[in-house]
Amino acid sequence: MEENLISMREDHSFHVRYRMEASCLELALEGERLCKSGDCRAGVSFFEAAVQVGTEDLKTLSAIYSQLGNAYFYLHDYAKALEYHHHDLTLARTIGDQLGEAKASGNLGNTLKVLGNFDEAIVCCQRHLDISRELNDKVGEARALYNLGNVYHAKGKSFGCPGPQDVGEFPEEVRDALQAAVDFYEENLSLVTALGDRAAQGRAFGNLGNTHYLLGNFRDAVIAHEQRLLIAKEFGDKAAERRAYSNLGNAYIFLGEFETASEYYKKTLLLARQLKDRAVEAQSCYSLGNTYTLLQDYEKAIDYHLKHLAIAQELNDRIGEGRACWSLGNAYTALGNHDQAMHFAEKHLEISREVGDKSGELTARLNLSDLQMVLGLSYSTNNSIMSENTEIDSSLNGVRPKLGRRHSMENMELMKLTPEKVQNWNSEILAKQKPLIAKPSAKLLFVNRLKGKKYKTNSSTKVLQDASNSIDHRIPNSQRKISADTIGDEGFFDLLSRFQSNRMDDQRCCLQEKNCHTASTTTSSTPPKMMLKTSSVPVVSPNTDEFLDLLASSQSRRLDDQRASFSNLPGLRLTQNSQSVLSHLMTNDNKEADEDFFDILVKCQGSRLDDQRCAPPPATTKGPTVPDEDFFSLILRSQGKRMDEQRVLLQRDQNRDTDFGLKDFLQNNALLEFKNSGKKSADH
C-alpha cells in the first residue's frame, strides 16, 4: 500500500512537472510565432509569460532569452534587449554552449552598436567571429564579419557628422573606421559568395557601396550598387531596388554626371509611387529638384521642389518644408524672380525660427539681406521684412504643419563668405550672448544645484543639508560669494567627488558604516560628519581612507548584485539534478575563463551602469521627406562658384586700406548679381 502511494506521488509530480514544461514551451512557441508574423509586442507578452512559468531546460531558457532580446530590439527597447542578451550569454557560457555563446555575443554587439557603444560592440562581435572560426561555422563567421562591418560603418558615420563636411573629407579616425568597415564587408562578401547566399551578397554589396560613397570612392560605390540592383531584381525586392537607384543617383551626382543621376532619381520616383511611399516620393522629388538646379534647368527644378513642398505639408514635415523653401528661393533667384525668392526666403526664416535651427536662420537672413540689397530695401536684424504684392502658386496652399523634430539646415551657408563678412554677420545679426564662464564662486552653486542640496550658514560652518523634497533652492545673496582662495580647483573636485559618493550612497545601497556615531542603520541622505567643512580648514578630510573603503565596498556589492547568477536568472527553476549539474560545471571546469569573455561582461556592466546613471542621448530625428544622403555640399559649392564667377574683383584703393566696408562690398556684388541674373532669366 505504501509503495503504491509513493508511486502515485511520483507519477503526480511527473505529470505536474510535464504540464508546467509544456506550458512554458507552448508559450514560448506562440511568442515565436507572433514575432515571426510581425506582432512583436504580443510575442513579448508570451515570452515574458513563459519566463514567469519557468523551465528546468537550460537550452530552452537560453532560446527564450535570445528571442526576447531580439523582440525587444525590434521594439527599440534596447535596455531590455541588452538585459536578455546578457542573460543568454551568461547561461550559454555556463552550460558550455559555444554556438549559443557566439550568437549571444553577436546579438549583444548589435544592441551595443545601436546604443552608440561602438568599442564594446566591437569586442562582442569579435568574440562572435573568434568562436565561429574555432567551430568552423562558416555561416556564423559570415554574420560576424557583416556585424563588424556594420559597427565600424556606424562608428565612422557617427564621428563624421559634426558639420557640413564634403563626402570623403573626414578626420583620420573616421577614415580608419570606414576603411575597416570596407575590409570586413569585403571579407563577408567573399565568404557568402562561396556559400552561394545571394541575399547576403545583396546586403554586402549595398553596405559596401554606401561605405565607398562616404569615403569618396564613387566609382567603387557605383560598381557595388549596380550589383545590389541586379540581386534586388532577382528577388523582386522593390524596396531594395528603389534604394539602389537612389544610391546610384547620389554617386553619379558626385561624379558630375548629372544627367545620369537624374535618370536614376526618376526610376526611384517611379518605384516610390508604385510602393505608395509618400515620404520616399518626396525625397525623390527633392533630389530631382537639386539635380536640375545643378543642370541649371531651374524651371524643372522649381516644379520638383514644389511637389516636394506639397508632400512635406501633407505629411506635416516642417523640416522638409523648410528645405523646400530654401531650394525654391535659390531657384527663383537664379531665374531673376526676386519677389518669389524673397517670399520663400522669408518662409525659410520663419520655419528655421520655429524649429530652433540657428544655422538655417542665419542662412535665411543672409539670403534675405542679399535679395533686399538687390531690390534696394533696408534690412532689419530683428524682424523679417515681408515682401509685398507677392502671389504664390495655388499648389503651395495647405494646412500649416506641426513642429518638426530635428534641425534640418545644420551649419549651412548659401554662398562663400569673406572672413570680414562672417565676422560682421556674427556680431551684428546673431543675438549677442555673454560667454558662459564658470567662476570659482559658481562652482559650488553648480554642484549644489546638481545634487539638489543647499548651503546653510551656522556661524562660521557651512553644512550640506538635505533638500531632496524641495523643488527649487536658491542661495541667499549673502552666502553666494565664496572667494577663489577658500576653495581651489583641488578642493572643488574633492567636494564634487564627495557629493557624487553621497549620491551613490543615497540611491544604491545601505552602507554598514564602521565607527559611525549615528544610531540609525537605515540609508540616510544626510552626509556623514566627515563632510563638515569650515572655510578655514583644508577640504581634504583625515577620514578619506575610511570613506574610500566604504565607497569601494558599496561599489563591489552593487556590482555583485547586478552580475548574473543562477539564482537570479529569470525563468530558471533549479531542482536537485539541475543544481548538481550547474555546480559541477562551475567547480570542476578545468578550462580557464577566457579574458575576452570577462571583458565583454565588464563592458556590458559598464553599459548598464551608464544607462542607469544618466539620461540617454537624444534620439536622432530627421525629416521624413528629406533624404538621408543629402548632397548639400555640392549644391553649395556650385552656388558659390556661380556667385564667384558673377562677382567682380575689387581694386583696393591705396589710400583706403580698411575703409572699404561690408556694406560697400555687398552693394557692389548685389548689383552685379542682379544684372547677371537678369541675363540668365532672359536666356531661359
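The backbone N, Cα and C atoms fix where each Cβ goes, and this holds for glycine too.
Remember, predicted model here, so these are calculated numbers, not experimental data.
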Candidate set S105, S395, S483, S578, residue annotated phosphoserine in Swiss-Prot: S483
Listed as phosphoserine by Swiss-Prot, one of S158, S408, S460: S408
Among S387, S459, S565, S580, residue that the record in Swiss-Prot marks as phosphoserine: S565
From the candidates T90, T211, T390, T486, the one which Swiss-Prot records as phosphothreonine: T486
S352 (phosphoserine) to S132 (phosphoserine) - Cα separation in whole Å: 51
Packing count at S132 (phosphoserine) (other Cβ atoms within 10 Å of its Cβ): 24
PLDDT averaged over the residues of the domain 'GoLoco 1' (489-511): 57
Helix-strand-coil residue split for the repeat 'TPR 8' (322-355), DSSP-based: 32 helix, 0 strand, 2 coil
